[in-house]
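Just below is one structure, and these are the notes that go with it.
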Amino acid sequence: MFSPDSLHIIKHDLQTGVASDGNVTGSRGHKIVIRGASGQECWQTARSQILYKFLAAGQCKLVDRIDLSDVKVSSWLGKQMEQMTMRQDCAYKGVPLNRMAPQRGLRIEELALEVDRILHPDCAGARDEDLFDELWLAIYSPFGIHFLQHPGGKDPYIRGLSYALVHGMYIKLLLWPVFLCYDYSMDAVPLVESLQDARLLLPCAAYLGFVLCGCHTLQRLTVRGAHSAKGAVLGLAIFVLSFLPMTNLLFPIGTLVAERLLYLPSIGFLVVLVCFAYDWARGPVRWLAFLLAGMLLAWWWWLCHARVGDWRTVEQITLVDGLKQLRSSRTQFNLANLYLQSQRMDEALAAYRRAVAADPQERDSQPLYHAGQILMYKGHYQEAETLLHKAVTGYFSPLTLHEEEVWHDYALALWHVGKHMEAAENFQNAIITNPSFPKGHNNLACALVLLGLSSQPVNMPLVQQGLQAAEHAITLAPLVPLYWRNAAVLLSLAGDLAAAQGAWERFRQMDAPTAAREEVQGIPRDCTWEFYFR
């Protein structure tokens, strides 16, 4: 437990103060939370209260107390703070507000207000709070300050029209279930921004049809012996009660169009349909009613049978819906991943490009990243650098894509377009993000040694840093032959022939065929860059 003047080392009993953190507990682990009294302003008193809660039950034990004023301890802390500052300076080199940690937030707020003044020149000074109708987010990163407009600030008028369109799409799926897809995210359904949008005819027809069904049902209730009307009332009630929660009118449901939400409303829909068909079949066109009903059922059965086949495997549904739904970034991204797994590079790249085009705001960087990887694999380094730069400055989930991989591949693209110093800096960013990243250390070693040897005069400190990075890569992954091979090459280039021969011997023991093929004219003079698809 850290406090301003000391460090208490406590042996925990795995019970006291253990708290979970919801769904992320599985990935981040449990927290230990012990608090002092509320409103306590004296840190010494608060520390005593927390220590008492830890040790009162007798299960936790105080191992040691380290005084931070001790010369050795303060020296160690000073070195740690210096290393942290160096890492921050490396990542935020040349970025404004780098050294303004306490005041950075206030300065960014001033910048946001200035941007707002430019966007609204008719307002003198800062706008009144009542006029702010948008939610902004500010992200400070090594690539600058990004101001984002949160979707929660969308005009309620546009949101209401778009929800109406979704209602019409749901009714169309019930009546005409031809176009089915597992995803309608991103811009698969573009927003409705005006009453002049022709797509609003769909919800108007849906609402009108519902009103007509209700009027017909109420009219039939007045007819003696019309038992089907009672069934229609039940069907309408089931439909309304199950459909209302998914309309986004009562509360946001967190999804746009989800076909699975139609399971219960479809029961009410079928009940109403059967009741109306019963009334119609009692008339003079009974044979026509049965014929149409039979054709409708046969058609629905065929669609159901085909859709079951689509869901036979994950690969099948990914392929079918990916080729069908071209406006969804997610379906195109999943389709591209499927192609990539099958080594169909050209088709994968085309699908990744469609995923990027379907998300013009670039809310997900994964399609950009994978497209950049394919372009780099095909030797199109200039375009790969452009896409990977967008990816490294964009947004993605660290649960599905590790940030250090993006920094690393961006650095590799920079190296191949001749931007060697920027490449080395981005290799370092990858290692700062994940110090236990052997691939990053290996390629950083190649970059630093080659940079140092190509300088005039030779930059020996840079060469030594590169050799240390190679040693770190071997320490992290000693069983990877490539790291021993590159270490031998770099040591040979640096003039340490004895160490180079020792490293090459280790490489020969691990991969004798490759070593025999490469050592025809002695130890090679070029690095092998490590790269693979994720």
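Each residue, glycine too, has its Cβ placed from N, Cα and C.
As annotated by TrEMBL, domain 'DUF1736' applies to 155-210.
Within the chain, the transmembrane segment (160-180) has long-range Cβ neighbours (under 8 A, six or more residues past its boundaries) at 189, 191-195, 197, 199-200, 202-207, 209, 243, 246-249, 256-257, 259, 261-262, 265-266, 269, 300, 303, 307, 310, 321, 324. What TrEMBL records for 160-180 (among others) is transmembrane segment.
Outside the transmembrane segment (200-219), and at least 6 residues removed from its termini, the chain residues within Cβ reach (under 8 Å) are 161, 164-165, 167-172, 192, 229, 232-233, 236, 272, 276. Feature annotation from TrEMBL assigns transmembrane segment to 200-219 (among others).
Residues 163, 166-167, 170, 213-214, 216-217, 220-221, 261, 264-265, 267-276 of the same chain, all 6+ positions outside the transmembrane segment (231-254), place their C-beta atoms under 8 angstroms from a C-beta of that stretch. Residues annotated as transmembrane segment in TrEMBL: 231-254 (among others).
Per TrEMBL, the feature transmembrane segment maps to 260-278 (among others). Sequence-distant contacts of the transmembrane segment (260-278) (same chain, at least 6 residues past either end, Cβ-Cβ under 8 Å): 170, 173-174, 213, 216-217, 228-229, 231-232, 234-240, 242-243, 246, 289, 293.
According to TrEMBL, the feature transmembrane segment maps to 285-303 (among others).
Under the heading repeat 'TPR', TrEMBL lists 329-362. In the repeat 'TPR' (329-362), helix, strand and coil residues by DSSP number 26 helix, 0 strand, 8 coil.
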Same-chain residues at least 6 beyond the ends of the repeat 'TPR' (329-362) whose Cβ lies under 8 Å from its Cβ atoms = 181-183, 185-188, 315, 318-319, 321-323, 368, 370-371, 374-375, 377-378, 390, 394-395, 533
Ask   = Averaged over the whole of the domain 'DUF1736' (155-210), what is the pLDDT?
value = 86
